[in-house]
Structures are given as structure tokens and as C-alpha cells.
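What follows is a short report on a single structure.
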Amino acid sequence: MVKAVTVLSGSGGVSGVIHFTQEEDGPTTVTGKLSGLAPGLHGFHVHALGDTTNGCLSTGPHYNPANKEHGAPEDETRHAGDLGNVTVGEDGTAEFTIVDKQIPLIGSGSIIGRAVVVHADPDDLGKGGHELSKSTGNAGGRLACGFIGLQG
């Protein structure tokens with residue numbers, strides 16, 4: 001089994017820890033806990049770069065090795081890094097588990113060394129009709145991010 005971890009930090013006290021696990025050629029399981037967010041839905045994506053030298057702005061676009069349009073996690077046409085939304089409760093926290101086969105930790109297309117980003121607004125899953133729907137899901141600003149690193 002391969003494991004990875006991301007420690008998220010950002011503006012306004014947003015923080016969290018995300019764990020990734022993958023068994024051989026199986027899907028990747030993502031578990032996380034976030035805090036300091038406004039209640040509601042927040043876009044949650046793997047971005048192409050692990051560079052946080054300019055905060056979350058330097059993490060690049062959504063991870064998209066197949067050069068597809070933005071979509072929902074269950075859509076055939078989507079960026080590999082499109083993980084949809086996390087639901088934040090009234091207390092400002094979110095706990096979640098996502099299982100996804102497009103974000104491997106091993107082999108071709110590994111997400112190790114890339115970044116996770118939590119956005120200010122809901123991801124419209126490419127279906128909102130906004131000019132940004134097909135590229136970013138119109139998910140708004142980048143509130144918190146972190147580098148995806150290999151874990152022992």
C-alpha cells in the first residue's frame with residue numbers, strides 16, 4: 001500500500017489534513033478533515049503543481065493529464081483532479097472520504113508532488129453555464145492548499 005498526506009493551510013484560519021491511500025492498481029481513497037470554512041459546499045481539487053511559493057495561486061490549474069473539460073467526479077469527461085465538493089457543517093468543519101480511480105499515487109499520472117486546493121465557492125461540476133464552468137467549475141478563490149507528499 002502507498003500512502004500520501006497533505007497538510008492544508010490558507011487564509012482566514014482555514015486548515016486541514018488529507019490522507020491518501022492506494023492498494024496496487026486499485027482506486028485511491030482520500031480521507032480528510034478541514035476546519036475554518038464557511039458552512040456549505042466548497043470545490044475540492046488536485047491541482048497540477050505542488051508549488052506553493054506564491055500561496056495557492058502558484059499551484060497551477062486542475063490536474064488534467066488527459067486534457068479534458070471540467071466535470072463531476074462521476075463524469076467520464078472531467079479533469080483527473082476534479083473531486084467535486086466537500087460539505088462543511090455549521091461548525092465550519094468537514095470530514096469526508098472520497099474513492100477515485102483517476103488520482104493514482106503510483107505509476108503513470110501519480111499525484112505525488114502536486115497540490116490539493118479547497119475553494120471558496122461550490123464547484124458547479126461543469127454544468128453551471130458560467131464562462132468558467134468548463135475550466136474551473138466556477139469554484140471561486142483558493143482558500144487553502146497543500147503539497148501532496150509521500151508518507152511512510
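Easy rule for this one: first residue shown is 1, then count along the chain.
Every residue, even glycine, has its Cβ placed from backbone N, Cα and C.
Marked as Cu cation binding site by Swiss-Prot on the basis of similarity to another entry: His45, His47, His62, His119. The disulfide bond feature in Swiss-Prot is assigned to Cys56-Cys145; the stated evidence is similarity to another entry. The feature Zn(2+) binding site is assigned by Swiss-Prot to His62, His70, His79, Asp82, with similarity to another entry given as support.
On the structure: features taken from Swiss-Prot.
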{"residue": "His45", "record": "Cu cation binding site", "CB count, 10 Å": "29"}
{"residue": "His47", "record": "Cu cation binding site", "CB count, 10 Å": "25"}
{"residue": "Cys56", "record": "disulfide bond", "CB count, 10 Å": "23"}
{"residue": "His62", "record": "Cu cation binding site", "CB count, 10 Å": "24"}
{"residue": "His70", "record": "Zn(2+) binding site", "CB count, 10 Å": "29"}
{"residue": "His79", "record": "Zn(2+) binding site", "CB count, 10 Å": "27"}
{"residue": "Asp82", "record": "Zn(2+) binding site", "CB count, 10 Å": "31"}
{"residue": "His119", "record": "Cu cation binding site", "CB count, 10 Å": "24"}
{"residue": "Cys145", "record": "disulfide bond", "CB count, 10 Å": "25"}
(message) If I take the Cα of His45 (Cu cation binding site) as reference, which of the recorded positions Cys56, His70, His79, Asp82, Cys145 has the closest Cα?
(response) Asp82
(request) Quick one: pull the CA-CA distance for Cys56 (disulfide bond) versus His47 (Cu cation binding site), whole Å only. (result) 10
(message) I need the neighbours of the Zn(2+) site defined by His62, His70, His79, Asp82. Which other residues of that chain put their C-beta within 8 angstroms of the C-beta centroid, in sequence order?
(response) His45, Tyr63, Asn64, Lys68, Glu69, Gly71, Arg78, Ala80, Gly81, Gly126, Ser135, Thr136, Gly137
(message) Please report the distance from the Cα of His70 (Zn(2+) binding site) to the Cα of His62 (Cu cation binding site), rounded to the nearest angstrom.
(response) 9
(request) Would you list, in sequence order, the binding-site residues among His62, His79, Asp82 whose CA lies within 10 Å of the CA of Cys145 (disulfide bond)? (result) none
(message) Need this for a regression test: binding-site residues His47, His62, His119, filtered to those with Cα within 10 Å of Asp82 (Zn(2+) binding site). What's left?
(response) His47, His62
(message) Other than His45, His47, His62, His119 themselves, what residues in this chain have Cβ atoms within 8 Å of the centroid of the Cu cation site's Cβ atoms?
(response) Gly43, Phe44, Val46, Thr59, Pro61, Tyr63, Gly81, Asp82, Val116, Val117, Thr136, Ala139, Arg142
(request) Give the distance between the Cα atoms of His119 (Cu cation binding site) and His79 (Zn(2+) binding site), rounded to the nearest whole Å. (result) 16
(message) Please report the Cα separation of His79 (Zn(2+) binding site) and His47 (Cu cation binding site) in Å, rounded to an integer.
(response) 10
(request) Give the three-state DSSP assignment (helix, strand or coil) for His62 (Cu cation binding site). (result) strand
(request) Tell me whether His70 (Zn(2+) binding site) sits in a helix, a strand or coil according to DSSP. (result) coil
